[in-house]
Ligand SMILES: Nc1ncnc2c1ncn2[C@@H]1O[C@H](COP(=O)(O)OP(=O)(O)O)[C@@H](O)[C@H]1O
Ligand SMILES: O=C(OP(=O)(O)O)[C@H](O)COP(=O)(O)O
């Protein structure tokens, strides 16, 4: 467990401006937050600071807007859900720096909560530029990082700020690291990892290290399409990063050398439209029509995956097996989630899952409570699993 200062070390903060980095990158369907887990997890930190009389200023990102404002990635869309979870009013500033932020902060009373607009609306956030860090730092006296799920990013609001002011870990940051250490510090073998989802380019590099740590890697979702295509199989219009074919092949070679089984789908559910109840068919993996996309892994693959879950003593899971938000493409994810939950309840499995959408998928399958541990983090949790130093955590230990 890394040594860092926590909220226990923060006394006498009435009237202090506390910049709190939280992860509000939550799933949204039809303009409404469809899973509030990440908000619920950071609520204790926000409430504790507010109760101690601090002016609580929330910093967060939402989506990947590439340094420019994008209307549907405004945190104003998330603010009502934050208010609902906290059961407290939350003010909103239309920019995280400059005059809008300064004016909103000047109006705050002790204990008030203010949400600043998406930090990724500025290029300096992801580049972690000294100028942008300084602009953010102007708004606070103390920095608290409670965004474990973004701690693998060395961004201005997750890393840079901690160099500029007294820095502390929030309650969720603390709890996540403690729980992961307890559940996965010395995992019982065999360890099986399931990696799916859509963030292929940002997660694929993690796999080359992960295959040296686990006994089997089950690949589903958009990630699987990239591996299938890398073997020369036509994936039609499926979500696939063809330019990562070499990376995928090299991961398979590393896995073979490390004795890690790679488990890829053998069939898939394909459709021509990405929408609920789209006309669909189940096909062999070698028979994906050129004009269709694989939106879920098929029933034979589910059987295969559930077999690996049975063989596992420890399961780590990030990324849904299919586009679970739109029926019926949730079937594989729900089936594997139910199976892992049953194995856990029977005392045969330690199951740890994480990621914004993965948590949402487990809630959709109504099994989140049955897993050994559910992390808010996906990529960060996988990097932690690899033994990598997370920049957002490392910087807290240096203060
Ligand atoms: N075959 C697929 N085609 C398109 N999207 C997919 C597919 N499989 C999974 N997804 C999408 O992946 C997204 C989640 O991916 P990701 O963000 O990597 O997971 P997490 O947030 O849990 O880390 C979901 O929105 C889901 O719809
Ligand atoms: O949702 C997140 O990560 P996750 O999809 O790995 O769970 C975090 O908010 C980090 O987002 P990013 O992957 O756009 O940096």
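Note that Cβ sites are derived from N, Cα and C of the backbone, with glycine treated the same way.
Note that the coordinates shown come from a computational prediction; the quantities given were computed from them, not determined experimentally.
Summarising the annotation, TrEMBL assigns substrate binding site to 23, 24, 25, 38, 61, 62, 63, 64, 120, 153. In the three-state DSSP assignment, the secondary structure recorded for residue 120 (substrate binding site) is helix. Within 10 Å of the Cβ of residue 120 (substrate binding site) there are 27 other Cβ atoms, across all protein chains.
Annotation source TrEMBL lists ATP binding site at 203, 325, 355, 356, 357, 358. Taking a C-beta cut-off of under 8 angstroms and a sequence separation of 6 or more, residue 356 (ATP binding site) has the following same-chain neighbours: 23, 25, 26, 27, 35, 38, 149, 376, 378. According to DSSP, residue 356 (ATP binding site) sits within a helical segment.
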DSSP-derived structure type at residue 203 (ATP binding site), helix or strand or else coil: helix
Listed binding-site residues with Cβ under 6 Å from ligand 2, out of 23, 25, 203, 355, 356: 23, 25, 355, 356
Binding-site residues (63, 355), the one with most neighbouring Cβ atoms at 10 Å: 355
Greatest C-beta neighbour count within 10 angstroms, which of the binding-site residues 25, 358: 358
